[in-house]
Structure formats: structure tokens, C-alpha cells
Amino acid sequence: MVTICIGKVGQAKGQKIQLDANELVSNDEFALPEKNAFGNSFRDYETDNGRKDIVEQHYKSSHINQTYEFVKQMREEYMKLDKAEMGIWECCELLNEIVDESDPDLDEPQIQHLLQSAEAIRKDYPNENWLHLTALIHDLGKILVLPKFGGLPQWAVVGDTFPVGCAFDESNVHHKYFKENPDFNNPKYNTRNGVYIEGCGLDNVLMSWGHDDYMYMVAKENGTTLPSAGLFIVRYHSFYPLHKYGAYSQLMNKEDKENFKWLKVFK
């Protein structure tokens, strides 16, 4: 397991801080740059910047293999949290070895992304320490691609996430590859709500397996002091069909809608 805690200068080791998320709310907007590392618009999957084919092949594998049963198996396996125990910075350093194949905007080691995210958030929200930490750790789950943590293929670790157990919304990038997914024609899973009830809450929805859900489980099971909004960001920051198009919003409950506004900070 990875140790997740929030500490402050002078605090006794192991002592937890009780945070009130309602006192940490900011009405500021986070200003994103207009261009990515290649000088193109962000999340442009059509422009050939040398990564187009790599990214598309990634999503093809993801969309074919991320099934309801696969996700259940992965969650059962990784819920054990038996791979390692380490501090946050030690885990961050492991991302020096990882380049995200699904990212059309960046081809640098992921540790740079973590640091850039945390610094950008700190600049705009200087008094909200929990949000700085959330930005720093939100992608730590990408260690799943490393042999020590199971050596999973990148399609099972990175990329946009989406619910399984219901119809694959057409807003998903490279949607055409879902047609080869065994769940695509399964009447149990291919309706709008599938196995879910409208308004059931995202906590009751299985998402495609990856670093988001893994890091959420690590943080939650280790008793993190991050507020609900922080855990929501960690778990759903790659849920772009919802962020960008409002897809699957019928599954959200009141708490989801309240926490959803914090994703604007990251996206």
C-alpha cells in the first residue's frame, strides 16, 4: 500500500488533520494554457504530431478489452493493496519511468506532469493545501504499469475512463472500437443505464479500470484526510465524456454534482 496523509510543520507523526471541505471552497477559476506541448489544441486526436497512431492504438485496445467482468476482476485483485508500502515522494519518483501512451498533449515522464499540476494549482489556490496535494497525487496510480505493481498494459492503466455495465456513449474518443467489445451487444449492458439506476451515484458505478480508481482505493483505504472533493477528483479526473459532454450525468447523485465543479480546476 502507499501511505497517504496530510501533515503540517510541527504536527506529531501519524496525527491526522480534520479538514472541512466547505471551508476550502474557492470561487476562482483556473486558467489553462491554450496550447499543448506540441503547439496544438489540447486533446486533439486528429492532428498528427507523431503520437496520433500510438494514441489511437491505445484506445483501440482499451475499448475492446475494458469489459464489466474485467473491471470487477481488477478491482478485486488490487483492492488487496498488497504490492508495496512507500511514501508519496518515493512513489512520485517512480513516474520518471512512465510516459503516458494515451496522452496526445505530452510525451514527457509523468513526474513532470504531477509537479506542473501541483505548482499551477498552488499558484491559483495558495491557501488550499488539500488541493495542492490532490494535484500532486492524482496520477500516482500510473505505477500500475511497472512490474512491481503488476506490469499492466497501458490500456488498463491510462486514458479516458468511462462506465462499464451500460451503453458506451458516442462521446467517448475513438468510439468505433467499442463495437469489438464483448459487452457492446450484450442486452444486459448495452442500454442507456444498463445495470444501474438513474441517480444511483457514481460511487455505485463501475468505471473502466485504471490509475484513477486504483489511486482512489489506495487513498481511501489508507484513511486519507483529503475531503470528498479531493477523492472525487482523484477518481474521476479522466472521465472526459462527463467533463466535456455531460455524458452519463443521469447516473450522478446530489453529492456527485456538488463535487463535479472541482473537476473544472483540473480540466
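Please read every residue number as a count from 1 along the shown chain.
Glycine is treated like the rest: Cβ placed from N, Cα and C.
Please treat TrEMBL annotations as automatic predictions, because they have not gone through curation.
What you are looking at is a predicted structure, and each value in this text was computed from that prediction instead of being measured.
Lifted from TrEMBL, the feature list:
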BINDING   Arg43, Asp100, Glu101, Ser102, Lys142, Gly159, Asp160, His237, Ser238  substrate binding site
BINDING   His113, His138, Asp139, His211, His237  Fe cation binding site
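For the pair Ser238 (substrate binding site) and His211 (Fe cation binding site), the Cα-Cα distance reads 9 Å.
Note: the Fe cation site is recorded as His113, His138, Asp139, His211, His237; in the same chain, Gln110, Leu114, Ser117, Leu140, Gly141, Lys142, Asp212, Met215, Val234, Ser238 also have Cβ atoms within 8 Å of that site's Cβ centroid. Ranking the binding-site residues His113, His138, His211 by Cα distance from Asp160 (substrate binding site) puts His211 first. Looking only at Cα atoms, Lys142 (substrate binding site) sits nearest to His211 among the binding-site residues His113, His211, His237. Straight-line distance linking the Cα atoms of His138 (Fe cation binding site) and Glu101 (substrate binding site), rounded to a whole number, equals 17 Å. All protein chains considered, the CB of Ser238 (substrate binding site) has 23 other CB atoms within 10 Å.
For His211 (Fe cation binding site), applying a Cβ distance below 8 Å and a minimum sequence separation of six or more within one chain yields Asp139, Leu140, Gly141, Lys142, Ile143, Leu144, Val157, Val158, Ser238. Here the Cα atom of His237 (Fe cation binding site) is found 17 Å from that of Glu101 (substrate binding site).
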